[in-house]
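These features come from TrEMBL:
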- 4-346: domain 'Isopropylmalate dehydrogenase-like' (DOMAIN)
- 97, 107, 135, 221: substrate binding site (BINDING)
- 142: site 'Important for catalysis' (SITE)
- 189: site 'Important for catalysis' (SITE)
- 221, 245, 249: Mg(2+) binding site (BINDING)
Ligand code: IPM
Ligand code: MG
């Protein structure tokens with residue numbers, strides 16, 4: 001298969017981690033006889049510095065003319081600490097999502113047996129957790145009217161949802177539940193918000209078309225608690241934009257590191273694949289950031305094009321790296337490996353998994369992984 005992939009590395013650790021995902025995709029292409037071509041484009045703070053625009057037109061055009069987008073990270077503390085900035089890096093990502101109609105953000109969460117002890121949560125609580133969050137991505141409070149009064153004393157962000165916006169992601173979430181454990185939990189705040197009541201009404205109606213799916217409802221405050229109290233109860237979580245943003249960061253604690261969580265954003269035009277983590281500015285350029293979320297996002301990209309064996313190759317390599325403790329400091333505080341070395345291990349493993357090419361002694365010493 002030939003795939004044109006737009007490479008939007010973005011800010012902070014984005015370039016370091018996406019570089020490993022590209023390395024891994026190159027290995028997959030070589031092994032399975034595919035042709036993946038990458039076109040780099042600027043987005044976020046780096047794009048503001050170069051062009052004054054967090055999403056230059058050229059970047060948008062490259063994305064629209066690609067089959068998929070591999071996205072790194074966005075954000076720079078320079079902008080976070082100055083709320084008066086009218087132009088902010090994150091606008092690049094939000095505009096991209098809106099322009100491409102990427103209304104469904106899919107964030108899977110699984111636990112790796114060898115990492116269970118890394119989580120701050122108890123082993124017995126998280127063992128066997130396996131769910132996916134379907135987060136609505138192009139509407140709600142993020143995209144409502146934002147105002148601030150001229151005296152600087154009042155501000156507002158409005159939250160609007162239409163039935164059409166609710167329906168399209170709900171169908172995707174129900175379909176996902178059908179090929180999983182057949183349970184869907186709608187997370188809302190229907191005891192306080194009109195938009196949430198609309199979500200509940202529509203999702204209940206849509207649920208009648210999926211009689212095989214057990215539909216449950218949770219208020220978001222309770223959901224936040226249930227996620228860490230009994231995460232194994234969830235299969236598919238369906239929720240609106242802001243709740244999904246918050247709950248997915250919370251859920252990453254179950255996995256042991258936010259550096260493990262990948263996502264796919266799909267909708268009307270080119271699909272986008274990105275880690276759920278941010279730009280981690282303190283780690284920028286240090287070669288310590290965990291590339292696995294980016295690499296696993298690349299696996300989701302392959303799944304999207306029905307290259308399931310290829311995606312599985314990536315997941316097996318990732319599991320092997322975790323099992324052998326070939327991990328960055330977030331997962332391995334003593335013998336840790338660099339971002340680049342983790343990427344090298346994964347791509348070498350994909351190309352040569354028949355052979356025991358990695359040097360166990362070197363691994364134990366925390367040195368190079370590959371002979
Ligand atoms: C995410 C991020 C973004 C969001 C930011 C960078 C705008 O936190 O993808 O979860 O809030 O959607
Ligand atoms: Mg977020």
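Keep in mind that glycine also has a Cβ here, set from the backbone N, Cα and C atoms.
Note that TrEMBL annotation is computational and uncurated.
Features per TrEMBL, on structure.
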{"residue": "97", "record": "substrate binding site", "Cβ within 10 Å": "20"}
{"residue": "107", "record": "substrate binding site", "Cβ within 10 Å": "24"}
{"residue": "135", "record": "substrate binding site", "Cβ within 10 Å": "28"}
{"residue": "142", "record": "site 'Important for catalysis'", "Cβ within 10 Å": "19"}
{"residue": "189", "record": "site 'Important for catalysis'", "Cβ within 10 Å": "21"}
{"residue": "221", "record": "substrate binding site", "Cβ within 10 Å": "13"}
{"residue": "245", "record": "Mg(2+) binding site", "Cβ within 10 Å": "19"}
{"residue": "249", "record": "Mg(2+) binding site", "Cβ within 10 Å": "15"}
Secondary structure of residue 189 (site 'Important for catalysis') (DSSP, helix/strand/coil): coil
Contacting recorded positions for ligand 1, chosen from 97, 189, 221, 245 when the Cβ sits under 6 angstroms of any of its atoms: 245
Nearest of the binding-site residues (97, 135, 221, 245, 249) to residue 189 (site 'Important for catalysis') - Cα to Cα: 221
Residue pair residue 221 (substrate binding site), residue 142 (site 'Important for catalysis') - Cα distance, angstrom, rounded: 19
Inter-residue C-alpha distance, residue 249 (Mg(2+) binding site) and residue 142 (site 'Important for catalysis') (nearest angstrom): 17
Those recorded positions in 135, 142, 189, 245 whose CB falls under 6 A of ligand 2, listed in sequence order: 245
Rounded mean pLDDT for the residues that make up the domain 'Isopropylmalate dehydrogenase-like' (4-346): 96
Residue 245 (Mg(2+) binding site) versus residue 135 (substrate binding site) - Cα distance in angstrom: 7
Collapsed DSSP category at residue 107 (substrate binding site): strand
Mg(2+) site, defined by 221, 245, 249: further same-chain residues with Cβ within 8 Å of the Cβ centre: 220, 224, 242, 243, 244, 246, 247, 248, 250
Inter-residue Cα distance where the pair is residue 107 (substrate binding site) and residue 245 (Mg(2+) binding site), in Å: 10
